[in-house]
Amino acid sequence: MASQLLSRATYFAGGIPSLRKLHRDSTTTNNHVAFVHTRPIAEGANLIWGRQLRPSLLLDNLSAKRETVRPTYAAASSSPAGGSDSAGEAKVTPAGFFEKYPALVTGFFFFMWYFLNVIFNILNKKIYNYFPYPYFVSVIHLLVGVVYCLISWVVGLPKRAPIDSTLLKLLIPVAFCHALGHVTSNVSFAAVAVSFTHTIKALEPFFNAAASQFILGQSIPITLWLSLAPVVIGVSIASLTELSFNWTGFISAMISNISFTYRSIYSKKAMTDMDSTNVYAYISIIALLFCIPPAVIVEGPQLLKFGFNDAIAKVGLTKFVSDLFWVGMFYHLYNQLATNTLERVAPLTHAVGNVLKRVFVIGFSIIVFGNKISTQTGIGTCIAIAGVALYSFIKAKMEEEKRQTKVA
């Protein structure tokens, strides 16, 4: 069998040194050898041979006719039932686009993440200009996302992961903090300029560091604390000179920072083997249940009296409904895509991506809405963003060093 295999297809592009390690695969049916793809590599495909071949046999057949094998994905099963021929040749299909151009795919993910985030922030603010009810709009954001998740589960993309009472108890605090942070963010978006809310939310790393130091008892290096100084100074300068400043927007954004900080803390306690898509779906469902009561209590009477009627009178029923649907869809998709994007990259790239995202949102919101900002506000915002970039860079490097130490 070994000689038959060697005479039919061998792959020696650069002699014996170019061969990768051959692994044994237990799948051999009716004397047919199965080629199984393991993972793509730069110059070719990595194959598992159905039978371990001795080096001496390989050396004896170096004079055989050489045939260059292009990178392929071999069928995992090459039995007669699977359609293989009598000579033991495995069916092969071309490498997929995702495996052939990983950098291009990752770049596309980043672009869509930024694009959806910017569109969400712009559409969200436009809705508040004629329908200033952030509690209700927050419910719509989550409701559209939950419906999207339920439909995805029904069609099996992805398959719904089962959840038990233990995991549910762990996810409830995470979902509560997610709901509180989401609602207060929207209250801030409705009260002040989008650019100012995002400038205040640049303080989130400061709250994360404080929680890690004083709540979790983790030691934060002095370099991290020093890198946060520009963030605090920049936000302070921007707040003092912001033309759209009001206390409702400022305090709500600060509460959002604290809420998302606690969400991070509880998320670490709720680490699970469940995939991120299913985890985010369950968190969205639970968060929706937390958001409905305050929306009914705080804004319910006003909505029934004149809220809905005023909005419909200003833009029409069709635009009002479509705006609410699309803002909810963009909210869910950009959050889900952000998770999927960040899973593809290293911590440092993750950190840089978050900083650039905030820059994009602030810049586009100023252009689209024509918000007038003072020179001091612009300087303060730049200082704050630079501080976040410095903090993210240092923290990402520290996490990468820890990871390498554990691997070693």
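Glycine residues also receive a Cβ, built from the backbone N, Cα and C atoms like all the rest.
Unlike curated entries, TrEMBL annotations are predicted automatically.
For the ranges 47-66, 247-266, the feature annotated in TrEMBL as transmembrane segment maps to 247-266.
With a cut-off of 8 Å between Cβ atoms, the residues of this chain six or more beyond the transmembrane segment (377-394) that come close are 195-196, 199, 202-203, 205, 209, 223-224, 227-243, 348, 351-352, 354-355, 358-359, 362. Segment contact holds for the transmembrane segment (355-371) and the transmembrane segment (101-123), given three or more CB pairs below 8 angstroms at sequence separation of 6 or more. With Cβ pairs under 8 Å as the measure, the transmembrane segment (167-183) is packed most heavily against 278-297, out of 101-123, 135-155, 247-266, 278-297. The stretch with the most CB contacts under 8 Å to the transmembrane segment (278-297), chosen from 101-123, 135-155, 247-266, is 135-155.
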